[in-house]
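J.: Have a look at this one before I ask anything.
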Amino acid sequence: MAALCRGRHRWKRTSSLHVLTRTLTGNYDYDLVVIGGGSGGLACSKEAAQLGQKVAVLDYVEPSVQGTKWGLGGTCVNVGCIPKKLMHQAALLGTAVKDAKKYGWQISGPICHDWATMAEAIQNHVRSLNWGHRVQLQDKKVKYLNIKGSLVDEHTVKGLTKAGKEMTLTAKDIVIATGGRPNYPTNIPGAMEHGITSDDIFWLKKSPGKTLVVGASYVALECAGFLTGIGLDTTVMVRSIALRGFDQQMAGLVTDYMDAYGTKFAWKCVPKSVEKLSSGALQVTWTDTHTGDEHKDTYDSVLWAVGRAPETKALGLDKLGVELKKETGKIILGSDESTSVPNIYAFGDIGEGRPELTPTAIKAGKLLARRLTGHSTELMNYDNVPTTVFTPLEYACVGLSEEEAEKRHGKDGIEVYHAFYKPLEFIVAERDASQCYLKVVCERGGQQKILGLHFTGPNAGEVTQGFALGFQCGATYSHLLQTVGIHPTCAEEVIKVNITKRSGLDATVTGC
Ligand code: FAD
Ligand code: NAP
């Protein structure tokens, strides 16, 4: 029967008889169909294919509100980690060029930055990654389909091409890894019409110019950081606090550094409207919630960095009874990434309560593939996930914030070791190191198990990745003391830390 041929897509031919026959025989087009070719979906599909499964991955990018489009690879590759880190690097280079003069480099004339050159180079790199992903899928014999997928039943996916053509695929298992997209505020006139998001900023051909960034979490601070760093007049509008969920002492250091670096902050302010003037400038009106006063200013760009929403609406999940968390719209998952419907799994940014990070999506995807193919029973461990905020002064952490440790163990149940240190590189360059700081939050009793590690400074992510391994192995404060440093580095300051917060002693590191 044609409908039971494996590997052939049937255009508009799903019938109830077909579904019944298929269920009885267990014969499908694919062993696994993955909807979403981002960090997680690609990792899961490649792993399953390598383990002998017949796999298809569907990836389709709905253009942003402003019409920006991109290729295969999902958020991280196209509109997230990769272009963000490269723009962050562009900004760091600006600081390095200024430092270079102090180190004897003769640089004549003013230092200025050209957006178009940076953007073109980064966009070309992203395109090469898009191509690389296609080649990898081909090499690993994963069928890539540039179609928008939705669920018909627990074994059937309907795909829609850009041209509106429909196709149906059947699979033993279906994985949803469709990620999320940036939010726009719905109650602010002009917000959507005139504003951009992180889906657009990395693909602009022209400099965004004077920019208002609304929001105060990862995306907002990272974008505002690199925009300031390349010389643009940048303001961050914060409605409450910066970096909610992070250790607030560290968040304060990050924003203090940005403030000194040139980023402007409008604290406790909420935007009211965005209007395009005849000059083309965007006039933003906002309210200072502290005083109740209304203010206006004009910008070339308004970047909304007010959170992200899951891509679940178009998937037809409600018809199948896939349970979603009402407040967030994300899929409720078991520890094995199972949804409430058998044979349908999900992970990555679409999963309720999951960290919205690339490495967790990749690892969860690979582990799921191994479990689905019977090669392992290992579950993803979402505890102790390290992360870095790539702001001008980077901040990396693993484990609990001081506030959270205090909440769980009591103020007297924790010991916080801390240090203000000066990176050697800053000294000759005469850079202010007031916000270069680290703290190790430990249990107070016994071996002083480390509960949280926080670090601001150059290459914070590189420094913290290794410590995250120690953390995963259950490191204690005495393990830190037993570790020999690498000199001269910023990372060695972590293993040298010896002043407790409780002592009230000056935590400034002096000498080697
Ligand atoms: P995505 O990578 O979002 O992939 C989902 C894919 O599915 C997309 O290609 C989407 O178009 C596609 N899709 C959606 N619906 C359908 C459908 N119906 N049919 C077919 N395809 C569909 N994380 C870090 O770890 N480090 C960072 O430095 C970092 N920086 C970031 C910076 C920014 C600006 C942003 C926005 C995010 C950043 N992240 C970072 C987060 C990281 O990008 C995400 O956590 C990660 O990409 C999530 O992977 P995913 O596989 O769940 O989804
Ligand atoms: P987010 O963490 O959800 O933060 C949203 C921010 O916008 C908060 O500061 C919030 O303020 C503010 N906000 C929300 N609605 C607003 C409104 N109407 N007006 C003004 N401000 C508003 O979102 P995100 O920064 O987009 O990041 C999403 C996820 O992507 C993160 O959780 C992270 O996991 C991932 N990411 C990771 C990296 C990295 O690893 N380096 C980088 C970028 C993104 P309140 O605090 O007041 O709610």
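Using N, Cα and C of the backbone, Cβ positions are placed for all residues, glycine too.
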J.: With reference to TrEMBL, which of the candidate residues Cys44, Cys81 participates in the disulphide bond with Cys76?
T.: Cys81
J.: Which of these, Gly307, Gly316, Gly321, does TrEMBL list as part of the NAD(+) site with Gly215, Ala216, Ser217, Tyr218, Val219, Ala220, Leu221, Glu222?
T.: Gly307
J.: Using DSSP reduced to three states, classify Gly149 (FAD binding site) as helix, strand or coil.
T.: strand
J.: Pick from Lys85, His487: which of these recorded positions has the biggest number of other Cβ atoms within 10 Å of its Cβ?
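T.: Neighbour-count leader: Lys85.
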J.: Excluding Gly215, Ala216, Ser217, Tyr218, Val219, Ala220, Leu221, Glu222, Gly307, please set out which residues of the same chain place their CB within 8 Å of the center of the CB atoms of the NAD(+) site, keeping sequence order.
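T.: Surrounding the site, in chain order, are Val213, Cys223, Leu243, Ala305.
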J.: How many other Cβ atoms are found within 10 Å of the Cβ atom of Cys81 (disulfide bond), counting all protein chains shown?
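T.: Neighbour count, Cβ to Cβ under the 10 Å cut-off: 17.
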J.: Please list the DSSP helix, strand and coil residue counts for the domain 'Pyridine nucleotide-disulphide oxidoreductase dimerisation' (385-494).
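T.: Helix (H, G, I), strand (E, B), coil: 38 helix, 31 strand, 41 coil.
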J.: Could you check which of the binding-site residues Gly149, Leu221, Gly307 have their CB within less than 6 A of ligand 1?
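T.: What lies within reach of ligand 1, judged by Cβ under 6 Å, is Gly149.
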J.: Return the residues near Gly149 (FAD binding site), defined as same-chain residues 6+ apart in sequence whose C-beta is under 8 angstroms from its C-beta, sorted by sequence, else 'none'.
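T.: Val33, Ile35, Gly36, Leu58, Tyr60, Val157, Lys158, Gly159, Leu160, Leu315 - these are the non-local Cβ neighbours of Gly149 (FAD binding site), listed in sequence order.
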J.: May I ask for the distance between Leu221 (NAD(+) binding site) and Asp349 (FAD binding site), taken between their Cα atoms and rounded to an integer number of Å?
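T.: Roughly 20 Å, rounded to the nearest whole number.
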